[in-house]
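Peer 1: One structure, pasted below without further comment.
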Amino acid sequence: MLASGNHSSYPVSFILLGIPGLENSQFWIAFPLCAMYVVAIIGNTTVLHIIRIDHTLHEPMYLFLAMLAITDLVLSSSTQPKMLAILWFHAHETEYHACLIQVFFIHAFSSVESGVLMAMALDRYVAICFPLRHSSVLTPAVVGKLGAAVMMRALLLVSPFCIMVSRMPFCPNQIIPQPYCEHMAVLKLVCADTRVNRAYGLFVAFSVVGFDMIVISVSYVMILRTVLGLPSGQAQLKAFGTCASHICVILALYIPALFTFLTHRFGHHVPRAVHIMFANLYLLVPPMLNPIIYGVRTKQIRNRGTHI
């Protein structure tokens, strides 16, 4: 059933299928997904609580980590409750505007997560290459401005996704063959020329990830040059150790994200169930792993966590 808007006809709701090809296993697949979501919620909430109550952690590295934890909470919570409802209770229907809101949150906060990782790379660069100037360069005000800039970038670049799609006519087919709404999946239901939308999606993906990866790469090249110039091996290991957590978090985000992005556009021979499972992990694994990685590798958070 289609509802009439000012500029287009849109469906009252969409049907989210879950994981096509694994219908008989969906009930059981939901249990590990639920466990991962619970770990993500508890881990990120704990990190936020520790940073909030311990004023010695109100430094750039931990403020960026708090931003990452908030982003992970939003990103995982924008998809997992509905996904579990689909897999366990067959709640396949989702309202049209709720679907577009989910599209916005998934893409906006994926962009924010990438931007926060970029800012954390800059923090490591200043801390290692200019240690005496770190506190004067990355003041709390500068950290706040970086966070605001990352958020504003996401709002400005991702909002057109929803605006453009909402102005287009939809086909009678209202089935989305996965457990959540995202830009490309919704775009495939549009009965109109979507080349502009697809081109804009590619532009946003490559401009956001491309820019962030360039900044991260340049930061680590400069860090590597500085670390290799340190006189003692112990000092080099200590410097590398401060970057290890960040590198692990970067890999946890970008590897499944890149696989998902490429298979959506070019991987037509990749089984749909494999693609959807990777897409689920891309939205769930980083939020689950980030607090674990930083909790295990960051002494201040680990020590403080044992006293909660």
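Just so you know, glycine gets a Cβ as well, placed from its N, Cα and C.
Look at TrEMBL and you will find 43-294 tagged as domain 'G-protein coupled receptors family 1 profile'. Per TrEMBL, the feature transmembrane segment maps to 27-50, 62-80, 100-122, 142-166, 202-227, 239-262, 274-296.
Tell me about the setting of these features in this model.
Peer 2: Per-residue pLDDT, averaged over the domain 'G-protein coupled receptors family 1 profile' (43-294), rounds to 90.
For the transmembrane segment (27-50), the list of distant contacts is 19, 57, 65-66, 69-70, 72-73, 76-77, 80, 83-84, 87-88, 280, 284-285, 287-288, 290-292, 294-295, 301, 304-305, 308: same-chain residues at least six beyond its ends, Cβ to Cβ under 8 Å.
Within the chain carrying the transmembrane segment (100-122), a Cβ under 8 angstroms from the stretch's Cβ atoms is held by residues 61, 64-65, 67-68, 71-72, 74-75, 78-79, 82, 94, 138, 143, 146-147, 149-151, 153-155, 157-159, 161-162, 165-166, 180-183, 186, 204, 208-209, 211-212, 215-216, 219-220, 246, 249-250, 253-254, 257, 283, 286, all 6 or more beyond its ends.
Long-range Cβ contacts of the transmembrane segment (142-166) within its own chain (Cβ-Cβ under 8 Å, at least 6 residues beyond either end) map to 5, 7-8, 10, 60, 63-64, 67, 100-101, 103-104, 107-109, 111-112, 115-116, 118-119, 122, 183, 186-187, 190, 196-197, 200-201, 204, 207-208.
Listed as Cβ neighbours of the transmembrane segment (202-227) (distance under 8 Å, sequence separation of 6 or more from its ends, same chain) are residues 107, 111, 114-115, 117-118, 121-122, 124-125, 128-129, 153, 157-158, 161, 236, 239-240, 243, 247, 250, 254, 257, 261, 265.
Long-range neighbours of the transmembrane segment (239-262) within the same chain, counting only residues 6 or more positions beyond its ends whose Cβ lies under 8 Å from a Cβ of the stretch, are 68, 110, 113-114, 117, 120-121, 124, 127-128, 205, 209, 213, 216, 220, 223, 226-227, 230, 275, 278-279, 281-282, 285-286, 289-290, 293-294, 297-298.
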Peer 1: Apart from its near flanks, which chain residues at least 6 from the ends of the transmembrane segment (62-80) lie with a Cβ under 8 angstroms of it?
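Peer 2: Contacts of the transmembrane segment (62-80) (Cβ under 8 Å, skipping residues fewer than 6 from its ends): 33-34, 37, 40-41, 44-45, 47-48, 51-52, 102, 105-106, 109-110, 112-113, 116-117, 119-120, 123, 140, 143, 147, 150, 179-180, 249, 280, 283-284, 286-288, 290-291, 294, 300-301.
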Peer 1: Please give the sequence-distant neighbours of the transmembrane segment (274-296): residues at least 6 beyond its ends with Cβ less than 8 Å from one of its Cβ atoms.
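Peer 2: Same-chain residues near the transmembrane segment (274-296) but 6 or more away: 19-20, 33, 36-37, 39-40, 43-44, 46-47, 65, 68-69, 72-73, 75-76, 79-80, 83, 106, 110, 113, 177-180, 182, 245, 248-249, 252-253, 256-257, 259-260, 263-264, 267, 302, 305.
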